[in-house]
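Chemist: Annotated Zn(2+) 1 binding site per Swiss-Prot: 62, 64, 145, 215, in sequence order, evidence recorded as sequence analysis. Swiss-Prot lists 66, 67, 215, 273 with the feature Zn(2+) 2 binding site, giving sequence analysis as the kind of evidence. Among the features that Swiss-Prot reports, active site, proton acceptor is placed at 66, with the record citing sequence analysis.
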């Protein structure tokens, strides 16, 4: 349970023997959300002993192969794991995600014993919130890439403050569901008097905010979207020396990624989506150095396949 971030893969373009394609799984009190699903994602999930059957929603950033070719394998496995899936699978992504998935299910004659709910995103037209419940929501944000591409914002809702039992007794609020109503942030009526949650509850606790941002070139609008986020997982495809190539392909350099999170005053930043040309650890360390030179006051780290981060107060701790 809890609020955890699992790094499923960290590479771009093609999987390497020690680095699968970029993918992140967020666990939140038993609900699992997978972001991107390139080739080999199921292998990485298996290595990390994460059940694909527990994935509630898969969010695809865009329809390039290195972010989507593992999707059909996950869809198939959910019907072949020996247990019947009890709830629908939600698949979200830019326009085309539904056609891609349904067409391949039909062509490959994939047996499926559960419902899939598709949420296709028409950028700047679809409602920003693509998932919401009592404790959290997921929003999309436009990115700047060679095809339609979105980033995802996982936002934990503020938690209500401590319930003041003594005050509740003073106001003759009976124990039971009516107190729960106040804890849910709703007013109640007692003896003809309206009682507001603020009269009974202490100061609320700010929810944590996590962003998954890949693939994109630099653009200012993104900065405001991730302002003051607790954790941003952002692409760092190239070294700074390849800025021209990065700009042409609409990707970010390490310095470019750091510049964005610096302006956004992000608390903690994980670099991801490393070019296949960087196979040595020292290459990745150089990416990190370039990012830290741009944002020396920032808490920046290299993501790694199999890494896990756990929420701790207003931060995420690498375990």
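Cβ from N, Cα, C; glycine included.
It should be emphasised that the depicted structure is a prediction, and the values quoted were computed from it without experimental measurement.
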Chemist: Here are some binding-site residues: 62, 64, 145. Which one has the most Cβ atoms within 10 Å of its Cβ?
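Modeler: That would be 62, with the most Cβ atoms nearby.
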Chemist: Cα within 10 Å of residue 273 (Zn(2+) 2 binding site) is the criterion; apply it to the binding-site residues 62, 64, 215 and give the hits in sequence order.
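Modeler: Neighbours among binding-site residues, in sequence order: 215.
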Chemist: Let me know the most crowded of the binding-site residues, choosing from 66, 215 and counting other Cβ atoms within 10 Å.
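Modeler: The most densely surrounded of these binding-site residues is 215.
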Chemist: Whole-number Å only: compute the distance from the Cα of residue 67 (Zn(2+) 2 binding site) to the Cα of residue 215 (Zn(2+) 1 binding site).
Modeler: 10
Chemist: What's the CA to CA span in angstrom from residue 66 (Zn(2+) 2 binding site) over to residue 215 (Zn(2+) 1 binding site)?
Modeler: 11
Chemist: Around residue 273 (Zn(2+) 2 binding site), how many other CB atoms lie within 10 A of its CB?
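Modeler: Within a 10 Å radius of the Cβ of residue 273 (Zn(2+) 2 binding site) lie 28 other Cβ atoms.
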Chemist: Can you count the other CB atoms that lie within 10 A of the CB of residue 67 (Zn(2+) 2 binding site)?
Modeler: 26
